[in-house]
Ligand SMILES: Cc1cc2nc3c(=O)[nH]c(=O)nc-3n(C[C@H](O)[C@H](O)[C@H](O)COP(=O)(O)O)c2cc1C
């Protein structure tokens with residue numbers, strides 16, 4: 001059963017997770033899983049284009065009206081999993097949604113993966129959808145904003161937009177996993193990027209083995 005978000009009054013202060021239409025939806029899934037496993041609340045916004053990447057990369061059709069089932073399928077959890085109770089979902093076209101306003105309580109926001117379009121839109125303050133509006137609000141309220149850009153190579157426009165985001169106070173965190181933590185499979189590479197995101201926002205995790213100062217110690 002879907003709930004009406006506006007009828008819920010709690011003191012929860014969530015992290016807003018914006019999923020835009022870049023390749024790399026496993027980075028988003030790993031970040032959402034880790035936030036929920038850490039006991040954080042999550043407000044989720046999935047852009048229209050991200051529905052295509054989620055479908056392409058996971059086979060899941062993400063629907064506003066069935067977001068809990070679709071999110072569960074995407075994360076590999078059962079729809080009844082109680083961890084999903086900490087998620088509030090907002091359609092990307094809903095400019096009246098909570099995260100549209102600075103008075104809505106939020107710890108900050110992560111955009112993962114971030115398309116070059118989202119990078120541009122946030123840097124320019126376009127607010128063309130709820131994801132971009134929520135990011136703009138996060139910046140104006142001086143809350144943490146992490147933008148996990150996924151594109152390669154990068155054109156000069158995107159590079160400039162990334163500098164503008166940095167100057168505006170965001171952390172630009174390319175989806176660029178390191179290979180020094182004894183990683184053996186793709187999921188570990190994905191978790192490395194999610195772990196770097198959680199490091200930036202100060203949420204504890206065990207997504208990767210930390211560098212200990214000895215070459216080869218993680219092998
Ligand atoms: C399958 C697929 C993969 C894509 N991968 C990327 C990508 O890796 N990086 C990127 O910047 N855009 C990528 N795009 C293009 C974006 O989806 C497109 O620019 C869109 O306008 C982004 O909109 P959004 O930022 O509102 O989600 C991809 C599109 C599709 C359909």
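Each residue, glycine too, has its Cβ placed from N, Cα and C.
Taken from TrEMBL, the feature domain 'Flavoprotein' covers 15-200.
Look at TrEMBL and you will find 21, 22, 23, 47, 150 tagged as FMN binding site. For residue 47 (FMN binding site), the count of additional Cβ atoms within 10 Å of its Cβ stands at 25 [all protein chains shown].
What TrEMBL records for 180, 196 is dimethylallyl phosphate binding site. For residue 196 (dimethylallyl phosphate binding site), the Cβ neighbour count at a 10 Å cut-off comes to 22, with all displayed protein chains included.
Between residue 21 (FMN binding site) and residue 196 (dimethylallyl phosphate binding site), the C-alpha separation comes to 21 Å. With respect to ligand 1, the binding-site residues 21, 180, 196 contribute 21 as residues with a C-beta closer than 6 angstroms to one of its atoms, given in sequence order.
Note on the domain 'Flavoprotein' (15-200): its mean pLDDT in the predicted model is 97. Residue 180 (dimethylallyl phosphate binding site) and residue 23 (FMN binding site) have their C-alpha atoms 24 Å apart, to the nearest angstrom. In this structure the C-alpha atoms belonging to residue 22 (FMN binding site) and residue 196 (dimethylallyl phosphate binding site) are separated by 18 Å.
Taking the centroid of the Cβ atoms of 21, 22, 23, 47, 150 as the FMN site, the other same-chain residues with Cβ within 8 Å of it are 19, 20, 24, 25, 49, 50, 53, 113, 114, 115, 118.
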